[in-house]
Amino acid sequence: MTTPALLPLSGRRIPTLAPGSSSFPHHRATLRLSEKFILLLILSAFITLCFGAFFFLPDSSKHKRFDLGLEDVLIPHIDSGREGRHPGQQIIHGQGGQDAHRHREEEESLRNKIRADHERALEEAKEKLKKSREELRAEIQTEKNKVAQDLKKKDSKQLPPVPMPKLVGIHDGDPGDPDVKEKRDKIREMMKHAWDNYRQYGWGHNELKPLAKKGHSTNIFGNSQMGATIVDALDTLYIMGLHDEFKDGQEWIEQNLDFSVNAEVSVFEVNIRFIGGLLAAYYLSGQEVFKIKAVQLAEKLLPAFNTPTGIPWAMVNLKSGVGRNWGWASAGSSILAEFGTLHMEFVHLTYLTGDPAYYNKVMHIRKLLQKMDRPNGLYPNYLNPRTGRWGQHHTSVGGLGDSFYEYLLKAWLMSDKTDNEARTIYDDAIEAIEKHLIRKSNGGLTFIGEWKNGHLERKMGHLTCFAGGMFALGADGSPGDKAGHYLQLGAEIAHTCHESYDRTVLKLGPEAFKFDSGLEAVAVRQNEKYYILRPEVIETYWYMWRFTHDPKYRQWGWEAAQAIDKYCRVSGGFSGIKDVYSSTPAYDDVQQSFFLAETLKYLYLLFSSDDLLPFENWVFNTEAHPLPILHLGNTSLTGSQPLR
C-alpha cells in the first residue's frame, strides 16, 4: 500500500509521487531549433574548408611523416623474428617494398574518398542554405518523426504468441438483490468521483491532491510523471463497466507512458502497481499495449537484481539501472515484503514473453531464503543483499513483512496448486507466526503482534488486517484437519479489525492499535491515528464474505463505505484523515492510487455476486490486480523448470 512521506514505509504499499510537468510553446522551440540548424551547417562548412585546406596542401614533408608512420606500424607484422637489422631494410627490399607501394595507393584512394565526401557535404550545405525557414522546419520535423518511429520499433519487439489462460467472470456480477445492487451502484459512483477529479486536476501525475486540486508527489516513483493512478485504476474501471473512463486511461498509456525516464523508483511499488496493473488490464481487455508496456517496464527493473546475492535493491534508476536500498533499512538491508512480493507478476512475465529470466530471479530468492537459518522459524524483515545475512531481528505480518507470506500462498494458488514447495513454505511460516506472534487480549480479541529482538510487541497495524483474508484463502489445503481452524482464525482477525474501526469517532480504522495497559484495538500515539484510505480491513471482509456468506461482512463493509463517503469525500476527490478519533478531522490532502485500485474494488466485489472474478480462475496480487490462474500442470514454464 502507500504511506505518507513522513510515515514508516510499509510492505504492502507505499505512497505515490508525481512531480510537476513543464511545457513550452512548440512554435518557439521549433524556431530556435531551425536557426541553430542553419548556424550549425554554416559552421560545418567552414570547418570542412579549413580541414581540407590543411589536409590537402601539397606539403611533401607532411607526406613523408605520414609514410614513415605507416612504415613504423607495419614493422612488427613484416618480420618480428629478426634481430639486429634496421626496420627500414624490411620495407625497402623485396616484399616490404611492394607492401609500402600498395599502402601508398590505398592511402591515395582514402584521400580521394575523403575529398569527395567533403565536397558532397559542402554541396548539401549550400542546398540547405537556399531553402526557406518553413522547408527547414518541415525537414527537421520529418527527421524527428523518423527517429521517434525507429525508437518505437525498437521498444515494441514482438512477443511470442502464448495461449490466453481461461478467463471467466470478467463482466457483470449482478448481486440480484435490489438493496445490495443499490449499494454496489453507490461504490461505482464513488469510483467515478475519484477518477473524474483525478482526470480533471491530476491527469498524468501519479496521484491527486483533492483539496489543492493538483497533482501529488511522493518518493516511491522518483521525479517522474508516470500516471500511477491511471495504471492502478484500470482494472477497477473495467470490472465496474466504466468503459469510457477505461478508454481514456488506455489512450494516455499508449501515448504518454514512458519508462526511459531518469527516475529512481521503488522496485516493489512499481511491480505491484504498474506491472500488476498493466498485466491485469491486458488479461481483462485483451489489449496488447498493456502487455507490451508491462514487459518494457519489467526489463527496466532487472538491473535491480545485480547484487552479490541476487536479492534486489529496493530502488532502481529506470534510466541508468543503478540500484540502492532505503537509508533507514537496518544497515543497508533489503526488505522481506519488497523482494518477496515479485513472484506472481514475474511468473506471468515469463509466461507471456518466453524469457525464463523473470521466473529464475524469483525462484533464486526462494532458494536462498530456504537455505538460511530462521530464528524460531520466523523470517526477519531485513536481509543484506551484499552479505546474504539477516539484519535486525524484527518479524511482522504487517508493514515490512506482510505480502511475503501472502505471495507464498498465492504462488501455490496461481500455479493451479502445483507449486507445492510454495505451499509448504507458507504452511511452515504460518505455524511459526501462530506460535510466536498471535495472541488473545484480555478482552478476547485475537491479534497479531510484532517480534522485536526476542520480545513480542502487543501492537497491530492496519496493514496486518489483510491477514484475516489470507488465513481464509489458505484454509483449503491446510495440513492435517486445520482448514476449519484457519477459517475461524480469519474470522477472529476480521472481528478485531472491525473493532479497531468501531472504537473510533469516525468509524474508520487507525494506522496502528495496541493491546496493553487496559487499551484494546485503540491507537495511542498521535502519529498512529490517521487513516489514508487503506483497503486491508475491507479486503478481509470480502474474503470472509466469499467463504462464509455471513451477512455481517457486507454490513461491516457498508459501514466503512459510508464513513469514507461522509468523512473522506471532498469536492476534488477523496482525502486521507489525520485523526480518526476527532469529530472535526483534518485532511492529509492525498488521494492514494491504491484507493481506486483496492479499497473501492474490494467494496464493489463485496456487493457483487461470486461469479465476478471467481477464485477458481483468478488470484489477486497485493494491489488487488486480478491475474488468471495458470493451468500448466506438469508442463514447463516457457524455458524454465517445471512449475511442479
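Here the Cβ of each residue, glycine as well, is placed from N, Cα and C on the backbone.
Source: prediction; values computed, not measured.
As annotated by TrEMBL, active site, proton donor applies to GLU269 (among others).
Annotation source TrEMBL lists active site at ASP402 (among others).
The 10 Å shell around the Cβ of GLU511 (active site, proton donor) contains 26 further Cβ atoms across the protein chains shown. Taken from TrEMBL, the feature active site, proton donor covers GLU511 (among others).
The annotation active site is assigned in TrEMBL to GLU536 (among others). Within 10 Å of the C-beta of GLU536 (active site) we count 26 further C-beta atoms, all protein chains included.
Among the features that TrEMBL reports, Ca(2+) binding site is placed at THR622.
Under the heading compositional bias 'Basic and acidic residues', TrEMBL lists 99-118 (among others).
For 144-157 (among others), the entry in TrEMBL reads compositional bias 'Basic and acidic residues'.
The compositional bias 'Basic and acidic residues' annotation in TrEMBL covers 169-179 (among others). For the compositional bias 'Basic and acidic residues' (169-179), the list of distant contacts is 238-239, 241, 284, 605, 607-609, 611-614, 617-618: same-chain residues at least six beyond its ends, Cβ to Cβ under 8 Å.
Among the features that TrEMBL reports, region 'Disordered' is placed at 80-118 (among others).
Annotation source TrEMBL lists region 'Disordered' at 144-179 (among others).
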Write down the Cα-Cα distance for GLU536 (active site) and GLU511 (active site, proton donor), rounded and given in Å.
11
Is it possible to get the count of other C-beta atoms within 10 angstroms of the C-beta of THR622 (Ca(2+) binding site)?
28
Given the active-site residues GLU269, ASP402, which one has the fewest other C-beta atoms within 10 angstroms of its C-beta?
GLU269
Using GLU269 (active site, proton donor) as the reference point, find which of the recorded positions ASP402, GLU536, THR622 has the shortest Cα-to-Cα distance to it.
THR622
Would you mind reading off the Cα separation of ASP402 (active site) from THR622 (Ca(2+) binding site), to the nearest angstrom?
10
What are the helix, strand and coil residue counts for the compositional bias 'Basic and acidic residues' (169-179) according to DSSP?
2 helix, 0 strand, 9 coil
